[in-house]
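Chemist: Submitted below is the structure of interest, expressed as structure tokens.
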Amino acid sequence: MNIVIAMPEIFLLSTICLILLLDVFLREDCRMITYLLTQVALLATALLAYGAMDGEKTTGLNGMYVRDDLAGVLKISILLLTFVVFVYARKYLKDRTIWVSEFFLLGLFAVLGMLVMVSANHLLVVYLGLELLALSMYALVAFNRDDGRSSEAAMKYFVLGAIASGLLLYGISILYGLSGKLEFAEVLTYVSSQNVLENIPLLFALVFIVAGIAFKFGAVPFHMWVPDVYQGAPTAVTMFLGSVPKVAALAMLLRVLAESMGAAQPGWAQLLLVFGLLSVFLGNLIAIAQFNLKRMLAYSTIAHMGFILLGALTGTTEGYSAALFYTITYAMMAAGGFAILILLGREGFEAETLDDLKGLNERNPWYAFIMMVFLFSMAGIPPTVGFYAKLSIIQAVMQAGYLWPAVFMVVMSVIGAYYYLRAIKMIYFDKPEQTAPIQAELDFNILISVNGVLMVLLGLFPSALMGVCSAAMVASRL
Amino acid sequence: MLGEYLPILVFLAVGFGLAVVLLGLGLLAGPRRPDAEKDSPFECGFPAFEDSRIKFDVRYYLVAILFIIFDLEIAFLFPWAIVLDTIGVFGIVAMGIFLTILIVGFIYEWKKGALEWE
């Protein structure tokens, strides 16, 4: 028993309970206090997670939990990203008179689930964190419960999510039946002793586990829920769903596939190769046909997740670091892109079609510039960070000997650039259809500016973040 | 080993074949003269009163969910009480944390008015 290693999670859980209790005794017009406490809790937990990074790999809670630098980096990025997302979300919720504290509380529970996933050292603990994240997310998607589309999206997400959880659990149970172990190190010992490509039951378990993980990423062929949920959910929830949980999904992939089944890499690499290539292909092609911006960004997410899967399949330290770098920077640009959508909307009006972007430059040149940076970054055009992220993935894939997948990724990136550039053309060269002024409070303006400038700065000086990512991988012996 | 399942396969084949034959005979040989009256939906011989897709009260559902949480709590408490003398202080602390979290939820639902019937 070494419960100190779970300190950030214990602290966050206690704070959530306190906020929950305090909130029901506060008056309606004091909701701001709940919001501020939520943000303080996120920052304090991030500090605790930072303080726990000591370069060592410590397991505790009867071997179920692990604390290492990889967990530290992932936790800090999850917490800070959530902080930024909540600042953006505040404007959306206030504008639409759905300014209730449950959004932040459910968000905090989702964050707690993600932290548990990140630090898991046991297959059932991964599942526990995953379910806490997923259940909070189902409720958040249905947040606007009188809106038919929101409820429909939540229903689809719930049914498909439940099937995916079932697949994952089935895979875990087969693995348990074969090895009798669930702790990562012991599973690794078992998998290392087997000839993976010859062992049909083990491959069977692997396929189910990889399918469950691919669903959480939203990779083809498990991508059906992504566009509908992105479009149906309130934009603030789409922003949260489309950014932070991707980091947790990568954590799950690294922990379950790389760490506990690293010896089975020849088995799962084939699956990830197919999923990744299909995602890059379908995501980029279908996004071209989308007129709804949220749907377009959903298909763009699918394409980006393909890149991450392809980086992770290499099984090398470079590949894992590139995937981590890509995920963190992608989450930042996705949060920023959806924040601009929130900015363009107002009460009774949701900005979600490409037409709403028209003439943004005439309405507000600075926001137009920031949106252009986000779109350039998603398309992977230098000097934005999206370019470096794609470059490092493609380098890792080529080093691992996958030549034609690398060529395919480059070609699909060029095709994908079309729909990002089309949006930029509308921002700069079309006449505005809306004339309502675009307003936001100071904290929103500062964060969105920092977010946009970071995309360029990280693109010019990627080594700072890349160094952290590869150091974390080396410290965790991945 | 698979041979033992042969009767089930035969049963499935006969069941499927019988269904196809009976439905097919009805389709081919039976007279079909549809009219507006025959095609309209009805309830017990009357025309349909209203659309079945209406909003209905979910209060029972809420009560059922709240009940199941505390029902499960009891299900945990019984085995815990029986082995308490072997797990000692650790068991008391663990159950204390569990109950505290449940009580937080209980206060939340109470204050939100989930326990009021009207």
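Just so you know, the numbers here start at 1 and follow the chain as drawn.
Including glycine, each Cβ sits where the backbone N, Cα and C put it.
Those TrEMBL annotations? Automatic predictions, nothing curated.
Pulled the feature table from TrEMBL, pasting it below:
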TRANSMEM  A:6-26  transmembrane segment
TRANSMEM  A:33-52  transmembrane segment
TRANSMEM  A:72-89  transmembrane segment
TRANSMEM  A:98-118  transmembrane segment
DOMAIN    A:120-416  domain 'NADH:quinone oxidoreductase/Mrp antiporter transmembrane'
TRANSMEM  A:155-179  transmembrane segment
TRANSMEM  A:199-224  transmembrane segment
TRANSMEM  A:236-256  transmembrane segment
TRANSMEM  A:296-317  transmembrane segment
TRANSMEM  A:323-345  transmembrane segment
TRANSMEM  A:366-389  transmembrane segment
TRANSMEM  A:401-421  transmembrane segment
TRANSMEM  A:442-475  transmembrane segment
Chemist: Restricting to CB pairs under 8 Å, which listed stretch, A:236-256, A:366-389, A:401-421, is in contact most with the transmembrane segment (A:442-475)?
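Modeler: Stretch with the highest Cβ contact count: A:366-389.
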Chemist: Out of A:6-26, A:236-256, A:366-389, A:401-421, which stretch touches the transmembrane segment (A:199-224) the most, going by CB pairs under 8 Å?
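Modeler: By the under-8 Å Cβ criterion, the transmembrane segment (A:199-224) pairs most with A:236-256.
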Chemist: Please give the sequence-distant neighbours of the transmembrane segment (A:155-179): residues at least 6 beyond its ends with Cβ less than 8 Å from one of its Cβ atoms.
Modeler: 123-124, 127, 130-131, 134, 137-138, 141-142, 186-187, 190-191, 201-202, 204-213, 215-216, 222, 224-225, 228-229, 232
Chemist: Short question: which residues 6 or more past the ends of the transmembrane segment (A:6-26) have a Cβ under 8 Å from it?
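Modeler: Result: 33-34, 37-38, 41, 44-45, 48-49, 52, 60-61, 65, 67, 75, 101, 104-105, 108-109, 111-112, 115-116, 119.
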Chemist: Who are the chain neighbours of the transmembrane segment (A:236-256) in space, where the CB to CB distance is under 8 Å and they lie at least 6 residues beyond its ends?
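Modeler: Distal contacts: 70-71, 74, 77-78, 81-82, 85, 88-89, 92-93, 103, 107, 110-111, 113-114, 117-118, 120-121, 123, 126, 129-130, 133, 137, 140-141, 143, 184, 209, 213, 216-217, 229-230, 294, 297-298, 301, 305, 308-309, 312, 320, 323-324, 327-328, 330-332, 334-335, 338-339, 341-342, 478.
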Chemist: Can you name the far-off residues of the same chain, 6+ from the ends of the transmembrane segment (A:401-421), with a Cβ under 8 Å from a Cβ of it?
Modeler: 273, 276-277, 280-281, 283-285, 287-288, 290, 296, 300, 303, 307, 310, 314, 375-376, 378-381, 390, 393-394
